[in-house]
Amino acid sequence: MEVLLRFVGILVCLAVVVQTQVPPFVEKCEHGMYPPKAESKVASYVINLDLPPAERWNSLVKEKAPEIKDMIAEIKAFAGAFGNGSIIAMVDKYLAPLADTLPYPFADEIKGIAKATDIPLGEVVLFNVFYEFFTVCTSIVAEDPTGKLFHARNLDFGLFLGWDIKNNTWALSEKLRPIVVNLDWQRGGKTVFKSVNFAGYVGLLTAVKPQTFTYSMNERFSADGGYIGLIEWILGQRDGSWMGFLTREVLENATSFTEAETWLSNRTMLAPAYFILGGTKSGEGAIITRSREKALDIKRLDPANGRWFLLQTNYDNWEQPPFIDDRRTPGDNCMANMSISNTDLPHIFDVLSSKPVLNKLTTYTALMQVDEGHLESYIQECPDPCIPW
């Protein structure tokens with residue numbers, strides 16, 4: 001009951017914050033936001049897939065270890081406020097052994113990260129599990145008049161994880177921004193794919209495979225949520241795939257947009273999700289709405305009939321989003337205002353920099369173009385007045 005009351009208290013406080021913003025919802029289509037300030041550009045690192053899995057992350061996570069520890073400390077502080085330390089004890093007791101149940105090469109990579117950073121293994125597992133269930137985002141795939149495809153996304157993370165009323169920020173979002181990195185995954189000295197990651201997270205949320213396809217993942221809120229899959233996995237039922245591990249497999253091995261779409265549509269997963277894909281040909285864009293068992297819907301680009309872009313937030317496209325979290329309608333309006341004739345990465349960056357698509361949870365914006373294998377990303381912060389989500 002105490003935990004429930006504290007959670008309700010958080011919601012009440014956030015409701016007050018939202019209502020006292022001036023104005024509470026700012027729906028303005030921004031222009032000229034690209035390029036952003038140079039200091040917001042995310043740095044790039046190489047992950048060498050030829051190395052043993054336990055060694056692949058060593059250089060990066062040793063450099064980022066202080067920031068990773070700060071981020072995990074924030075999670076522990078929040079969890080401790082609800083469980084008086086019992087939740088953290090459970091993490092160390094139950095999640096550390098969970099690493100041994102994870103498929104190759106991910107178990108070895110996670111153990112290597114724990115060793116390189118001197119962070120308890122259970123906490124590194126928690127760090128990697130978190131993104132299966134708590135990612136709130138906006139993704140866009142768009143096609144220009146020549147058939148060239150562009151893919152971009154905002155990654156929003158940290159909802160309900162420590163709102164700082166004094167500074168109008170999410171504490172965890174603030175801790176995540178310093179560990180955002182661009183990764184160039186190489187084998188034999190050549191790029192296999194590129195991604196935007198939080199340092200130490202071995203799965204994929206945003207990625208491009210040059211001359212093949214682009215990908216992003218958004219969380220799908222569902223009663224049959226990822227926590228059920230996690231419990232089943234802990235209890236020994238392991239026929240489902242972890243989202244981040246599945247997408248690593250797809251980016252490493254799929255050789256076409258169609259193959260990636262097939263894999264992401266049909267594999268059983270621990271958590272429901274939206275997979276947003278872009279390809280190399282006109283019309284190759286899709287939003288795959290997933291339950292844990294199968295694809296419930298695939299919405300495709302159809303430029304011949306006026307559907308030249310797809311925009312996905314965290315709600316099924318055949319349902320209206322809730323009024324307290326409607327990023328879709330403003331995003332659609334800004335894309336329509338941009339028009340197909342202006343479709344390129346700078347103009348899409350403007351859309352993703354427009355409130356409330358940009359909000360206090362937004363950690364980064366990523367921009368991708370498949371033909372050149374182009375990936376750039378920028379740390380994002382939403383200046384006041386700005387809604388919490």
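Each residue, glycine too, has its Cβ placed from N, Cα and C.
Caution: TrEMBL annotation is automatic and unverified by curators.
Remember, predicted model here, so these are calculated numbers, not experimental data.
What TrEMBL lists as signal peptide is 1-20.
Positions annotated as domain 'Acid ceramidase N-terminal' by TrEMBL: 41-101.
If you look up TrEMBL, you'll see 137-373 marked as domain 'Choloylglycine hydrolase/NAAA C-terminal'.
If you draw a 10 Å sphere around the CB of Cys137 (active site, nucleophile), it holds 24 other CB atoms from the protein chains shown. If you look up TrEMBL, you'll see Cys137 marked as active site, nucleophile.
The average per-residue pLDDT of the prediction over the domain 'Acid ceramidase N-terminal' (41-101) is 86, rounded to a whole number.
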